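The active site, proton acceptor annotation in Swiss-Prot covers His134 and is backed by sequence analysis. Per Swiss-Prot, the feature NAD(+) binding site maps to 52-71, 114-117, 209-211, 235-237, Val253. Swiss-Prot lists Cys142, Cys145, Cys167, Cys172 with the feature Zn(2+) binding site, giving sequence analysis as the kind of evidence. The compositional bias 'Basic residues' feature in Swiss-Prot is assigned to 453-465. Here Swiss-Prot flags 27-267 as domain 'Deacetylase sirtuin-type'. The region 'Disordered' feature in Swiss-Prot is assigned to 447-473.
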Amino acid sequence: MSLGYAEKLSFIEDVGQVGMAEFFDPSHLLQCKIEELAKLIQKSKHLVVFTGAGISTSCGIPDFRGPKGIWTLQREGKDLPKASLPFHRAMPSMTHMALVELERAGILKFVISQNVDGLHLRSGIPREKLSELHGDSFMEMCPSCGAEYLRDFEVETIGLKETSRKCSVEKCGAKLKDTVLDWEDALPPKEIDPAEKHCKKADLVLCLGTSLQITPACNLPLKCLKGGGKIVIVNLQKTPKDKKANVVIHGLVDKVVAGVMESLNMKIPPYVRIDLFQIILTQSISGDQRFINWTLRVASVHGLTSQLPFIKSIEVSFSDNHNYKDAVLDKQPFLMKRRTARNETFDIFFKVNYSDGCDCVSTQLSLPFEFKISTEEHVEIIDKEAVLQSLREKAVEESSCGQSGVVERRVVSEPRSEAVVYATVTSLRTYHSQQSLLANGDLKWKLEGSGTSRKRSRTGKRKSKALAEETKA
C-alpha cells in the first residue's frame, strides 16, 4: 500500500498485531499444496478471491504488518521503508494478472480487496466484479449521481472528503469525494453488500496475502462455510482464521499463484499500461487582424489544473522552413504562446519525455497547425476501445512501449480551440511462471518491459479452454 496513505490515516494506538514472523513451507510440501489448490479451483463453480497487501509487495509497495511493514517499523521507532518507484507507477504483480486470466476464463467470479492501490482495476478486473472495501487512492466518486473517476494521480485526501474537482456528468456538477476510508469510516454498502453476497454463494474463497486481522472485512471469507464452501489461505504469516481454512499455504503469493496457473495450463497475460493526455491549441486574431495569437497546452484528461505525473518534460519544434523558436516545457502546466502570420500552415513536433517509473523514455508526435479552426463545436467519433486494443496488441507483439494513437478530437467555439487526446503505451510487463521448488523463496520468473514470450503449447490451450467451458457449464 501507499506510504502516503499510511501517513494520511488518523492516529490510533492499536493497529493490531505487527512484526509477525514469516513461515515458509518446505518445497515438497509447498508443491503438494499448490497442486491441491489447483484441483480445488478446477472443481470450483463460484470462486471468490480475497486479497491483502501481500499481493502488492512484489510491485514495490510495502505491507503493514510484516517484519519490514509500515506499522511494524513505526512501532519500533525506525524509518519507514522507501518505495522503489512512485506510487502512481506501481504495476500489477504476477498474481494480479493471473486473477485477470482466471476471470476472463469464467473461473473467477468476484474479487474482494482490502488494498487501496487500485491495481486490480488497472490490471483488468471489471469494476462490477470487484469490491474495494477500503477504497482506492486513485478513485474519486460523485456523492450525488454515483459516477466514478479513475485517475492517473493519487487523490490528495482520504476519509471520504471533498476534493478540488467536480462531477463532469451533464446536469450534475457536484463536488467529488475521495473513496479511501479512515479508521472510523464504515465500509460502504456499495462495496460490502456484493462482497457478502458472493462470499455466501462461494464454494471456494481464496485468501491471498492478508493477515485477516482488520474487522469486519476479515470475517467475509467465513460466510462461505455455512453453504459448504471451502477456504484456502496463502500468506507468509499465520492468521486468526487458519483453523477455519481447509488449506493454509505459507509461501510467496506470486510463487504459489504461478504454480497454480502452471498446473491449470493457463498463461499469465502481459500488462500494458496506457496513459492519456491532451494537446489543446487555442487561437485568437490580433487586434489589427494580421496575426494569429495561439496558445499550446499539454494537459491532463482529468482537467486543466490536474497534474500529469507520468510526463517529465516536452520538447516543441516546428517545420524546417519556419523560424519559430523551439521550446522545452519542463514545468507544469506545460504551456507556450506564439504569434504567427494569419495564413500560415505548418507542423508542430512534440517529443514527450516520460517520468521515472515509465518503461519508455519518450514518444514523438506531430500536429498540423492551420490558422482556421471551425467555429462549430463538434467531437470526432473515434472507436476508443479499438484504438486502445490495437496499442496493447502492438506493444506485446513488438515487446516494447511508446506506441501512440488518437482517441478523441474535439472543437470548442469559445474560446476557439481544438483538442486532441492521445493514448500512449508507457509501460509493459510480461510474466513467466516457470517454477523452481528447490527452495520456497526461489521463484524463477521474469518481470520485464522489453520482451515477452508468446509461446504456448497447443495442449495447454486445449486444457485451458476445456476448463473454462466446464466452469461456465
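Note: Cβ is positioned from N, Cα and C throughout, glycine not excepted.
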Across the domain 'Deacetylase sirtuin-type' (27-267), average pLDDT on the 0 to 100 scale: 93
Top Cα neighbour of Cys142 (Zn(2+) binding site) in the set of binding-site residues Ser56, Gly60, Gly209: Ser56
Spatially closest candidate among His134, Cys145, Cys167, Cys172, the listed recorded positions, to Gly52 (NAD(+) binding site) (Cα to Cα): His134
Structural state of Gly209 (NAD(+) binding site), classified by DSSP into three states: coil
CB contacts for Cys145 (Zn(2+) binding site) [other CB atoms within 10 A, all chains]: 13
Zn(2+) site, defined by Cys142, Cys145, Cys167, Cys172: further same-chain residues with Cβ within 8 Å of the Cβ centre: Pro143, Ser144, Gly146, Ala147, Ser168, Val169, Gly173, Ala174, Leu176
Gln114 (NAD(+) binding site) and His134 (active site, proton acceptor), Cα-Cα, nearest whole angstrom: 6
Proximal residue to Gly60 (NAD(+) binding site) among binding-site residues Cys145, Cys167, Cys172 (C-alpha distance): Cys167
Lowest local Cβ density (other Cβ within 10 Å) among binding-site residues: Cys142, Cys167, Cys172, Leu236: Cys172
Distance from Leu236 (NAD(+) binding site) back to Cys145 (Zn(2+) binding site), taken between C-alpha atoms, in Å: 42
Least Cβ-crowded entry, counting other Cβ within 10 Å, from the binding-site residues listed as Gly52, Gly60, Gly209: Gly60
Neighbour-count leader, CB within 10 A, binding-site residues: Ser56, Gln114: Ser56
Cα separation, Cys172 (Zn(2+) binding site) to Ser56 (NAD(+) binding site) (Å, whole number): 36
C-alpha spacing of Cys167 (Zn(2+) binding site) relative to Gly209 (NAD(+) binding site), in angstrom: 35
